[in-house]
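According to TrEMBL, the protein carries these features:
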type: BINDING; residues: His76, Asp114, His234, Glu238; note: divalent metal cation binding site
Amino acid sequence: MLRRMNTFSGQKLAAVVKELENFAPTSWAEKWDNVGLLIEPHREKQIKKILLTNDLTEPVVKEALEKEAELIISYHPPIFKPLTRITQSHWKERVVAACLANDIALYSPHTAWDKKSGGVNDWLSKAVNILSIRPLEPELGAPPGTGSGRYIETKMELSQVVESLQKRIKNSVHVALAVGHTPKTLIQSVGICAGSGASLLKGIQADLIITGEMSHHEVLEFTHNNTTVLLCNHSNSERGFLHEFCPILAKSLNEECLVFVSEVDKDPLVTVASDINKELSAFVDVYKQ
């Protein structure tokens, strides 16, 4: 049975941030990243409701207001490049303004969660039958298994990996076959990087790589070096981790906060089937039809 909202006593923002830091220290994030507490309300109040989202878009802000969330944890930092003004002329500025006006705190973990053992990349890696797994670039001074990307040894036919990955992300997958590969090709090594992984995966010796997105010419470079590429669309390679993290955070906060995943957050790209249902109010990904 679900608890009533008023039974959540909540915790101070500093206490919640401490638990987030315990899970994945922001010191692990890439130097170029902008992570941690990005908006701190000027009036302190108990954090009773926490909304998790992959991207903090205007529809997600509206959802946070409707559900009266005091804290938004946005995997991608909405504030990345310095803001020179906060007006109503740009959607990112409107997002920040709405948080400030409604005393909503904002925290972003991004690449710290990517590197975390048991974080985003490990969540994505579960699409593969793992015989062995290690970070592509281990994080110095961090616990074993922490680092950027993942390298996996496995034994699966390519078609099995594609099917498993689609089930993992609950969405369609773009396949770029390596020259000489077929759907029956035995995959024994896999490189993984959630999000945009071309730079990290460049030069890797693997039968297959899985990431969110890369350019046309980057794809050709891999496929002509005997590596098949599976692309999930950027945020589809990350978003599912939020559902895994949700109970972890709730437990770490002694169940004193209601933690929930956004229902409107989604990747902006949809792969549409040829037989479009014109009665639908929105396009539906071909995998879900």
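Cβ atoms here come from the backbone N, Cα and C positions, even for glycine.
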Counting other C-beta atoms within 10 angstroms, the emptiest spot among the binding-site residues His76, His234 is His76
Should one count Cβ atoms within 10 Å of each candidate's Cβ, the binding-site residues Asp114, Glu238 would be headed by Asp114
Excluding His76, Asp114, His234, Glu238 themselves, the divalent metal cation site's Cβ centre has within 8 Å the residues Asn54, Tyr75, His110, Val120, Ala194, Gly195, Ser196, Gly212, Ser235, Ser237
